[in-house]
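Chemist: Sharing the features that TrEMBL gives for it:
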type	residues	note
TRANSMEM	6-23	transmembrane segment
TRANSMEM	79-97	transmembrane segment
TRANSMEM	109-129	transmembrane segment
TRANSMEM	141-161	transmembrane segment
TRANSMEM	208-226	transmembrane segment
TRANSMEM	232-251	transmembrane segment
TRANSMEM	292-315	transmembrane segment
TRANSMEM	330-351	transmembrane segment
TRANSMEM	384-409	transmembrane segment
TRANSMEM	421-437	transmembrane segment
TRANSMEM	457-474	transmembrane segment
TRANSMEM	480-501	transmembrane segment
Amino acid sequence: MDSSFYKYQLGLLGFICAIFIGFERYLKSKKTPPDHLKDLKIEDSLEVGHPVLQTNGTAVLTSNTSRAGALNTLMRKYILVYAIVMGADWLQGPYVYSLYREQYDFPERLVAVLFVTGFISAAIFAPLVGVWADTYGRKRICLLFCILYATTCGLLLFPFFPLLLLGRVFGGISTSILFSGFESWLVSSSSNAALHSEDLSNIMGRATLVNGFVATTAGIVSNQLVEWNDGGFRSPFVASGCLLLLAWVVISGSWSENYGGGAGAGTAQASADVFQIRRLGAAWRIVAADPILLVLGLTQTIFEGSMYLFVFIWVPTLQESSLNPASLPLGYIFSAFMVSMMLGSLLYTYITAHWCPPSTSSNLQKHARSASTASLSSQGDSTLVLHAQLSSLVCAASAVTFAACVRVGKGKGEQGEHLKFWAFCLFEACVGMYYPVQGMLRGSLIANEHRATLSALFRVPLNVFVVVSLLTGVSSAREVVLTTCAVVLAISSLTTALIVIPRIEGPVSSRTA
């Protein structure tokens, strides 16, 4: 099959996405606040304890103008950096497997070893990365990410197996930082700016949407770079390294530092315990004592583990059903996946904007996000309930997509190839919803003091899950991997529905964190 089918699907998905964006903007322009909220200015901040002025018994707080300014400033700072670093990551996405397997001609077992090395590195260093981010500063750890990941891109240019292994070690560390340090910096900065919880949701939803645009562009650009380089797969990694150096400059110049432990972070006491064993022990006790956090970690392990396995198997899975595997336009397919992810993030934004009831004067107490507590109100929280429900739904829908691929089987033919492609597009739409949903749950349920530590700690079982799956022989058992992912995603959906949602909906006592 030539590339015309995938170009057409990419155009169709892009058209649907544009329609969705236009419809959402139309609804936003027509939306007016309820009469009882038009003149109400109640502070629903991410931090408690901000000064309140009393006038005739009515709370009058800081103006919405200053809040909007703080929101826009933080959104610009975060999304600019997020777009650059994710663009650097996505440029590599379609061609990591192809670089190892096709250009360097490593057997698939060695390719699996390279991937496994990255995940083992991430599993080992994930908790340390989180601790170091909380202790020595989130900005510093993000700067370290830029250096390490740029080094990884440089090492990938050499077809020498030991250097590629070292690159995967650095890549594993970088991935741990990318999915814990940046989010922790954002949540803490939003708290410091006294932004509302819906503001944080807005930033995360917008970031996921921008990520989709960036990834789509990156897929097309990487495809063009490969074509200009006569089919060589190195050029996207060179471009990625350049973006990472740009990100280092932007972070250095625009981000302020924040910590997990307050003003005392990074002191000589922290330096005396480089591996922060006590802090890791405290973080683990927090998770072990809280069923909601346990399920949150389980969901992250299962969903993101399935996502990483998907990265490894989507190319050979489509190739086994294609009549002409060598002609698959991987860049365009990747871009179609990313537009699907954008549609998922747009759906998330629409749902949270129109299904979540607006806050009122009697329902503005949210979760305390101080360094010592993260409590749930006895009346429950409609925003958290909605996000927990979405988390369960996303896992269930993802399970269906993998089950559909198994149902199609290995037979060659356009119908099977098309069905697998659209199933993968649906899974990417679930990914687009997953990140802001899970980010909001982590931001609400994990206290600032241990936020990066716990977020990174959740990645340890995630990487173990991926390593075990890869070592079982993904190349020879792709249907087994897809089936396993479908089953565990269904289990994750059920545990969220049966454990998390009832505890958030019902009366819940304060949980120390």
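Yeah, the Cβs are placed from backbone N, Cα and C, and that goes for glycine too.
Remember, TrEMBL labels are computer predictions, not curated facts.
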Chemist: Counting Cβ pairs under 8 Å to the transmembrane segment (384-409), which of 141-161, 208-226, 292-315 comes out on top?
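Modeler: Maximum Cβ contact count belongs to 292-315.
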Chemist: Most CB pairs under 8 Å with the transmembrane segment (330-351): which of 79-97, 232-251, 292-315, 480-501?
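Modeler: Between the candidates 79-97, 232-251, 292-315, 480-501, the best contact partner of the transmembrane segment (330-351) is 79-97.
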Chemist: How about the transmembrane segment (79-97) and the transmembrane segment (208-226): do they have 3 or more C-beta pairs under 8 A, pairs 6 or more apart in sequence?
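Modeler: Per Cβ check, the transmembrane segment (79-97) touches the transmembrane segment (208-226).
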Chemist: So if I exclude everything within five residues of the ends of the transmembrane segment (232-251), which remaining residues of that chain have a CB under 8 angstroms from its CBs? That is, six or more out.
Modeler: 80-81, 84-85, 87-89, 91-92, 94-95, 98-99, 102-103, 139, 142-143, 146-147, 149-150, 153-154, 156-157, 221-222, 225-226
Chemist: Excluding the flanking five residues on each side, which residues at least 6 beyond the ends of the transmembrane segment (208-226) place their CB within less than 8 Å of a CB in that stretch?
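Modeler: Same-chain contacts beyond the ends: 14, 79, 82-83, 86-87, 90-95, 232-233, 235-236, 239, 329-335, 337-339, 341-346, 348-349, 432, 435-436.
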Chemist: Of the stretches 6-23, 421-437, 480-501, which racks up the most C-beta pairs under 8 Å with the transmembrane segment (292-315)?
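Modeler: Highest pair count goes to 480-501.
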Chemist: Can you work out which residues elsewhere in the same chain, 6+ from the ends of the transmembrane segment (6-23), have a Cβ less than 8 Å from its Cβ atoms?
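Modeler: Contacts of the transmembrane segment (6-23) (Cβ under 8 Å, skipping residues fewer than 6 from its ends): 216, 328-329, 332-333, 335-336, 339-340, 342-343, 346-347, 350, 421, 425.
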Chemist: Which residues, given as numbers and ranges, are at least 6 beyond the ends of the transmembrane segment (421-437) yet have a Cβ under 8 Å from it?
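Modeler: Hits for the transmembrane segment (421-437): 6, 9, 13, 201, 204-205, 207-208, 211-212, 303, 307, 310, 314, 318, 333, 336-338, 340-349, 387, 390-391, 394, 397-398, 400-402, 404-405, 408.
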Chemist: Should anything in the same chain at least six residues away from the transmembrane segment (480-501) have a Cβ under 8 Å from its Cβ atoms, list it; otherwise answer none.
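Modeler: Answer is 291-292, 295-296, 298-299, 302-303, 305-306, 309-310, 313, 317, 385, 388-389, 391-393, 395-396, 398-400, 402-403, 405-406, 469, 472, 474.
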